[in-house]
Amino acid sequence: KYFTMNSYKDYMDPGFQPQIITIARLREILDAHNIHYTGREKKAGLIRIFNTQIRPLIPLREKETGLTLTSEIKPDSYSVRSSPRRWSITFRYGVVFVMLTILIGFLMNYDLGASFCDDADFSNVSVNYDGVPKATCIPCPSHVHCSKDNAISCDKGFILVSSSIQWLKPFTSRCILDLSLARKVKMYTELLKSIVAEETGKFECENGLRENLLFQNLLVPLRNKKLVIMDTDQDFEMFTRLALEYLKSDDDVEVTYEKE
């Protein structure tokens, strides 16, 4: 009795049994997949090689077939759903655009024509007959000194910056920290701290006086430091005052104004 089989699909079917084919067919299958065998194996040995080398490929082929069928079916289902989804995305973007347009219009109506309040004034809002609130002035930003319609100056240690676009003013005017001044204050603070440490050591070793730790007396050796002799008296006073504020919050340092 002879069996006629497909040269490929016969052994790649999940229900295929290698026991029903001949040794020559088994060798032919192994050769087709470049699987090594010695040629001295009996049928049981060739079946063992088939089960370990060829049979694991069958699930992979089934998976590839399933993916192919899915890809063939998917375009039809996608084409049915694509229109509602596309309409939903378009509608969503349209709503966002309308809301942004309304918001920008409201802000321009609220802000244009408004200016900074003077330092003594408070922010106030007037309501027109159309029901749309309009600001007559807005509060002065932190560290900023305002007068009439403009931000005129900043607190000491800050720099005034503003937008170059005229219609955005005064809303972008603000005061930012002067980094060069901050570095200078830090230098003064470190110098004062080193002087305090030195005078404290002298006092504890009975080679110095407690009065030398008074702030007024600490300024004497501080003036002799090379790093600060180029500052004006006004700058020196400002930097030492700011440095003192930093030292007050330092747990390692105690500075007093008056004798105990």
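Residue numbers in this text run from 1 along the chain shown.
A Cβ is built for glycine as well, from the same backbone N, Cα and C atoms used for every other residue.
TrEMBL annotations: computationally assigned, not manually curated.
Now, the feature entries from TrEMBL:
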{"type": "DOMAIN", "residues": "21-51", "note": "domain 'HeH/LEM'"}
{"type": "TRANSMEM", "residues": "91-110", "note": "transmembrane segment"}
{"type": "DOMAIN", "residues": "132-257", "note": "domain 'Man1/Src1-like C-terminal'"}
Per DSSP, what is the residue tally for the domain 'HeH/LEM' (21-51) in helix, strand and coil? 19 helix, 0 strand, 12 coil
Per-residue pLDDT averaged over the domain 'Man1/Src1-like C-terminal' (132-257) comes to what? 75
